[in-house]
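Heads up: the structure comes next, in structure tokens.
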Ligand SMILES: Nc1ncnc2c1ncn2[C@@H]1O[C@H](COP(=O)(O)OP(=O)(O)OP(=O)(O)O)[C@@H](O)[C@H]1O
Ligand SMILES: Cc1ncsc1CCO
Ligand SMILES: [Mg+2]
């Protein structure tokens, strides 16, 4: 685990190109900006190649996608592969909606992601494992989360992050668990979307995407935990404000001070 990558990210200030969903786009932009990278968003297929070309990494969020946007997402994913930009996918609610599963499966045949970040319901669905996903949320399941994440990583040949109370990060062989976090993440819609784009930001500053994924999960979860511990009884509204503040100011030493992983 290389928490010092956070300083590298802040020094390089990489551009992260996101195709976000309309629900959480501003959280994603502000989260990337606060941590020290530079967000740019686009929904226009005509500028796909140019956008990918100027970015250090690309994050595709499948959260609220129309047929027109699927065409653009396909073009962006293929362009990222062609231009050798790290590519992160957030497969929102593929475990809950058959249409989304078909759409995501089709896209994953058309381009190759370097990292997939989803909750248990989403990663189980991609792995082909039974799980009761609930809309955008992880839902209920009893399977071994590390085994499910590994199965997904082996099937899709990429790094997989299965996030939740514990984040599991795997390349299909090795697996690391990040134990930090706070339940407050669950009452902010878009915590997962922010994490996915922050994973992309870390992928922009190292070629080791397994390392980038682990570090992003640790940094994000630990910063949430620092915020929660600093103010007891924090509510949903103030949590996101304080989370953005702490994404901006948290130091490597502070994060290393509470880092819990195995
Ligand atoms: N109960 C919890 N305790 C601690 N941390 C949590 C908990 N639930 C989620 N997290 C953290 O919240 C962040 C987002 O992960 P989560 O699995 O909730 O994403 P998600 O389900 O895709 O969210 P959304 O789609 O609503 O944005 C991760 O950093 C994860 O570690
Ligand atoms: C609530 C919601 N619906 C589609 S996307 C989204 C935000 C979480 O990704
Ligand atoms: Mg999500």
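Just so it is clear, glycine is given a Cβ too, placed from its N, Cα and C backbone atoms.
Listed in TrEMBL:
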type	residues	note
BINDING	41, 190	substrate binding site
BINDING	117, 163	ATP binding site
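The Cβ of residue 117 (ATP binding site) lies under 8 Å from the Cβ of 88, 89, 90, 160, 161, 163, 192, 195, 196, 199, 213, each on the same chain and at least six residues away in sequence. A strand conformation is recorded for residue 163 (ATP binding site) in the three-state DSSP classification. Listed binding-site residues: 41, 163, 190; maximum Cβ neighbour count within 10 Å falls on 163.
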